[in-house]
Structures are given as structure tokens and as C-alpha cells.
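Peer 1: Pasting a structure below so you can have a look.
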């Protein structure tokens, strides 16, 4: 019996890794784009470094919220694929892409028109920092539309268990981004130095290339066949259905990621440019540690959703636990390497020695704090896979309000600076992880009991 259990666990681990490992490589590529932008901008000026960090973290967080539409498609599409309903899968994909294009374009137009006022009111920016931030935002905000469509393709490839194609598109985009960053930021090959503007242009071009590659792969490999035009009325109907299903996911993402990020940036921007830049630098390093988390959490969502539809509750209960173990093993290994080579890592990101010396003081605590977000994300995605996103939303409302209050209290009231910020974030992650784990375990236990 023990041998059978071991074989089942081994089979499940292989199944998880088959989907997750290509996603890890995909995350590596995405992380490299961010690090390359950060490293090159870090060699221009402190204001430019802070501007890129402020805008990129804010817009990426908002993009993550809007990307909930792709998560809703992932859940619905996995169930359709499990039932063998390919037409429903294709219809939802077409609708999701269309809605993503519309919303992403609208978001860019709004920021382009009112960005100056938003940066002044929300972040209190002025002078050269405002100028650099606005220049970068006008271009980088276009990536919201591109990323929303890329999220849809990513969900489709995961549903079809062809995640290897994600890596192909992203590695090509990354190489392009590296070359363009170097040429446009520093002014090579007869181009004038563009600074943060060049970084924004490079990001838009590389993501556009990524999208073109995905479309080509989908057409060439015939992963799904789209040989008909979906009526606009049906696109709107299915699109609105995806939006309705994603509302709770969006609300949860807003409270857990975007609101927290915006509040942290608002607090840091009022403490000082050095603190803001240090946090931006450290978040770039933290991104490396969290690569496995997003890959295994996404895999958990897809596999839990499929097994939930098939009523395989025993297997479903094991998936998050195994995903968490695998993600933690890789993340802890990455932390050890990052600590050993911390001087080289920080120096790679910036040559501002004042910023380097300040950031090193918070290096280890930043890496340790991010570990506590891994259980939360794994079990959060598991809960979404079984349709419990409303509870996740309520849980996020309560705990993240507490987290924001703690960050404000420790950082500003107690004047603990970045130490207080990371302490508040850590407590927030721990509370979320405990609640999500207990909820998932309870829901699965109840389902098992119902089938007896």
C-alpha cells in the first residue's frame, strides 16, 4: 500500500512538473526583462531608477487585476476541455482575447490623458521624478493590453498542456528586449540616448513580438482550429460572462496586490527617493525567488479545476501540498544562492554605491519575507479552482486592510522605515496563508464526506 501511495505521489509530482517547469522558465524570461530594464535604468540616474520602479510595479499590479479575465477563462476552459467541448473552449478564447484588447486599449488611453494628474495626486511626484515617471508611463502603460492578451494565450497553452510554447515565445522576446534596451536607452547604432523612454519602447516592441509568435504557433501547430467568425453579440455575451466570473478574482487581486502595492509606493514616495529606489531594487531580487511560486500556483489552479470537475477529490487535495513543497524547495535554493552572491547581484542592478550600501541592509529580510507569500498563493489558486473566489475576496479584504495598517504603523508612526514595511508585509502574508490553507482543507474534506 505504501508503495502504491509513493507511486501515486510520484506520478502526481511528474504531472505537476510537466506543466510547471516550462512555466518556471517562462517566469525566468519575464523576470529577466524586468531586471534588464532595472539594471540599465539604474545606470542613468536615481530619479530614473525610482520612476521605472514606481510605474512598473503599479502598472503591472493593475495588469494583474485585469488579467483575472484570463484566470476566469483558465477555469472555464479547463472544465470545457475535460468535458471534450472544444467549441466552447474556442468561443471563450476568442471572446476573452477581444475583451482584453478593448479593456487594455481603454486603460492606456485613460493613463495617456490623465497620467500627469494621477502621478501628482496619488504619489505626490514633482520635478524631475515626475517628468521621468510620466515619460515612462505613457509608453509602458501600453503593455497592459499586450499582457492581457498574452495571459489569454498562456491560459490556453496550460489548458492544452503545451506550456513549452510559452518558453519559445518569451525567450525570443527577452533577447529582443535586451538588444533594444541597450540600443535605445544608451543611444547606440546612431540612435539618440532615450533613457526611460527607450526602456518603455523596448518593452512594448518585445511584448508585441511575443504575441505575434504565439499567434503563429497556434496557427502553425493547429492546437485549436478557428475557422469561423464569432458574432459580435456572442463575443459580448461570452466576454461579459468571463468578466462576471472574474469580478471576485479582480477584487481579491486589487486588495491583495494592487492596493497593497499602491499604498506601499505612496508611503515610500513620501519617505524619500532613496527608500523608494532601495525597495524597487530589492523587489527586483525578490522577483527571482518568487518565480517558482507563480508557476506552481498557476499549475495548481488548472489541475485542481480539472480534478474538481471530474470529482477526483482525493487527488485534488494533494495537488496544492505537492506544489507548495516543490515551489519552496526551488525558492529556498534560490535564496541561498542570492545571499552568497548578494554583492554581485546588487552591483548588477545599479552602480550607485549609496543605493547599494543602503539596500544591502535590508537584503536578507526582504528575501525571507517573500517566502511567506508562497503558501498563500498556492492555496489561493486552489480555492479559485474549486469556485471559492468570493471567500478569497472577503478574506483578502479583512487581512489586507490589517496589513496596510501595520505597514503604515511600523514604517511611519514607529519610524522603522523599510524594516517596518517588511515586518508588516510578513505578518500580512502569514495571516493570508493560514486562512487559505484551513479553508481549502475544510472544503475538500466536506466534498469527500459528501461522496461517501
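Using the three backbone atoms N, Cα and C, a Cβ is placed for every residue, glycine included.
Heads up, TrEMBL stuff is auto-annotated, nobody curated it.
Reproduced below are the annotations present in TrEMBL:
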TRANSMEM  20-41  transmembrane segment
TRANSMEM  48-73  transmembrane segment
TRANSMEM  93-115  transmembrane segment
TRANSMEM  136-159  transmembrane segment
TRANSMEM  165-186  transmembrane segment
TRANSMEM  198-217  transmembrane segment
TRANSMEM  254-273  transmembrane segment
TRANSMEM  285-305  transmembrane segment
TRANSMEM  326-348  transmembrane segment
TRANSMEM  360-379  transmembrane segment
TRANSMEM  391-413  transmembrane segment
TRANSMEM  419-438  transmembrane segment
Peer 1: Which bits of the chain, at least 6 residues beyond where the transmembrane segment (198-217) starts or stops, bring a Cβ under 8 A of a Cβ in it?
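Peer 2: That would be 33, 37, 40-41, 52, 135-136, 138-140, 142-143, 146-147, 149-150, 153, 165, 168-170, 172-174, 176-177, 180-181, 183-186, 223.
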Peer 1: Which range wins on Cβ pairs under 8 Å with the transmembrane segment (254-273): 165-186, 285-305, 360-379, 391-413, 419-438?
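Peer 2: Against the transmembrane segment (254-273), the leading stretch is 391-413.
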Peer 1: For the transmembrane segment (285-305) against the transmembrane segment (360-379), do we get 3 or more Cβ-Cβ pairs below 8 Å once near-sequence pairs (under 6 apart) are dropped?
Peer 2: yes
Peer 1: Which residues, given as numbers and ranges, are at least 6 beyond the ends of the transmembrane segment (48-73) yet have a Cβ under 8 Å from it?
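Peer 2: Tertiary neighbours of the transmembrane segment (48-73) are 34, 37-38, 41-42, 92-93, 96, 99-100, 103-104, 107, 123, 125, 129, 132-133, 135-137, 140-141, 143-144, 147-148, 151-152, 154-156, 195-196, 199, 242-243, 245-246, 249-250, 253-254, 257-258, 261-262, 265, 269, 273, 276-277, 279-281, 283, 301, 350, 352, 355, 384.
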